Amino acid sequence: MSSVLIDDIGELVTNSPGEGEAGPLGIRRNVALLVEEGRVAWIGPTRDAPAADRRIDAEGAAVLPGFVDSHAHLVFAGDRAAEFAARMAGQPYTGGGIRTTVGATRAASDDELRATVRRLRAEAMRQGTTTMETKSGYGLTVADEARSLRIAAEVTEETTFLGAHVVPAEYADRPDDYVGMVCGPMLAAAAPYARWIDVFCERGAFGVNHARAILACGQAVGLGVRVHANQLGPGPGVRLGVELGAASVDHCTHLSDADVNALAGSPTVATLLPGAEFSTRSPYPDARRLLDAGVTVALATDCNPGSSYTSSMPFCVALAVREMRMTPGEAVWAATAGGAAALRRDDIGRLRPGARADLMILDAPSHLHLAYRPGVPLIRQVLHNGVPQCRP
Ligand SMILES: N=CN[C@@H](CCC(=O)O)C(=O)O
Ligand SMILES: [Zn+2]
């Protein structure tokens, strides 16, 4: 693979404290960055930049690590635009529409599902997302969960088995049987394509005992734990995640002091999904409370056809700053290094020698512009594994 030199970077966000200016973003100014073999090989003053096979002139713009979107649901068919319109007219979001998408997904061909996954992955890449987790959870049969993950694994190494998204209609009066199936044949079929296991632990989805049993089965076959929790109301999901050593508990909209304290004393990341609150017209999570308590916070899109049909991490950064009292720097960190922490990855989300060369060049002089100029396509160019992607 050839080398690429990005020079005349006005502001480089390294997310490596000690590398540059004080603060978690580790900002360096007026530098160049050399990529070799898909990795960051060197960072230094532009005047000292080594030769390379190819040169990209950043023209004084900001360069950031690529976004790490640690929570998305890309494998589905159909859309729920009418449900969204009804919500905007006053209907509440209950999660009940998940079953609508399950019906459409089961009826779709592999190629139809693959086309949607690839379209959304490409859409996200154009907006700076270089790593994107994706979950199953709209199949809810052994065969449909396995094929969802097989298709997801074609575009990402961060795949999550969410057979416990909701109890499907055919098991509505025998949820224990469904949990037995999830832990047995469904897990066996899904695990070869999955890195993580997740459960929607919420009233109307799975209670804490079912959630604990399912997550423990996943752990027993080597999957890492993540939990959808405390989205629609208070509950035990966040503390269950901490108890099981989850990499991340996601949503975290309705938290007690005990939940916040449990997170603060643990390595579990709180992943906040402001696209869901936007699209369900719900109160946003209190990011300030979590940050002030010392909790590691990530931001992700929750891209799915029901509660958050956006693939845009810049949109989530802007929402987090405007609606959740995060500073622009906190939001950028949470959308990059925070997402990496939520996936227990140290090779992405930062720019330092040895890191994967996943990065974006903005059409702006500073990371501040991501929140300051909402809705504006500011991602000029993306490099993934050191390879320049198509320009938007
Ligand atoms: N909360 C559960 N699952 C998704 C919603 C899925 C849907 O409504 O289709 C979420 O993360 O918001
Ligand atoms: Zn989700």
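Backbone N, Cα and C define each Cβ position, glycine as well.
Caution: TrEMBL annotation is automatic and unverified by curators.
Listed in TrEMBL for this protein:
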BINDING   His71, His73, His228, Asp302  Zn(2+) binding site
BINDING   His71, His73, His228, Asp302  Fe(3+) binding site
BINDING   Arg80, Tyr138, His165, Gln231, Ser307  4-imidazolone-5-propanoate binding site
BINDING   Tyr138, Asn304, Gly306  N-formimidoyl-L-glutamate binding site
DOMAIN    249-367  domain 'Amidohydrolase-related'
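Here the features listed in TrEMBL are painted onto the structure.
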residue	record	DSSP (3 states)
His71	Zn(2+) binding site	coil
Arg80	4-imidazolone-5-propanoate binding site	coil
Tyr138	4-imidazolone-5-propanoate binding site	coil
His165	4-imidazolone-5-propanoate binding site	coil
His228	Zn(2+) binding site	strand
Asn304	N-formimidoyl-L-glutamate binding site	strand
Cβ-Cβ neighbours of Gly306 (N-formimidoyl-L-glutamate binding site) (radius 10 Å): 24
Rounded to the nearest Å - Cα separation of Gln231 (4-imidazolone-5-propanoate binding site) and His71 (Zn(2+) binding site): 14
Where the C-beta lies under 6 angstroms from ligand 1, the matching binding-site residues among His71, Arg80, Tyr138, Gly306: Gly306
Cα distance (Å, whole number) from Asn304 (N-formimidoyl-L-glutamate binding site) to His73 (Zn(2+) binding site): 5
Least buried by Cβ count (within 10 Å) of the binding-site residues His73, Arg80, His165, His228: Arg80
Integer Å distance between the CA atoms belonging to Asp302 (Zn(2+) binding site) and His165 (4-imidazolone-5-propanoate binding site): 14
Cβ-Cβ distance under 8 Å to Ser307 (4-imidazolone-5-propanoate binding site), same chain, at least six residues away: Tyr93, Gly95, Gly275, Ala276, Ser279, Thr280
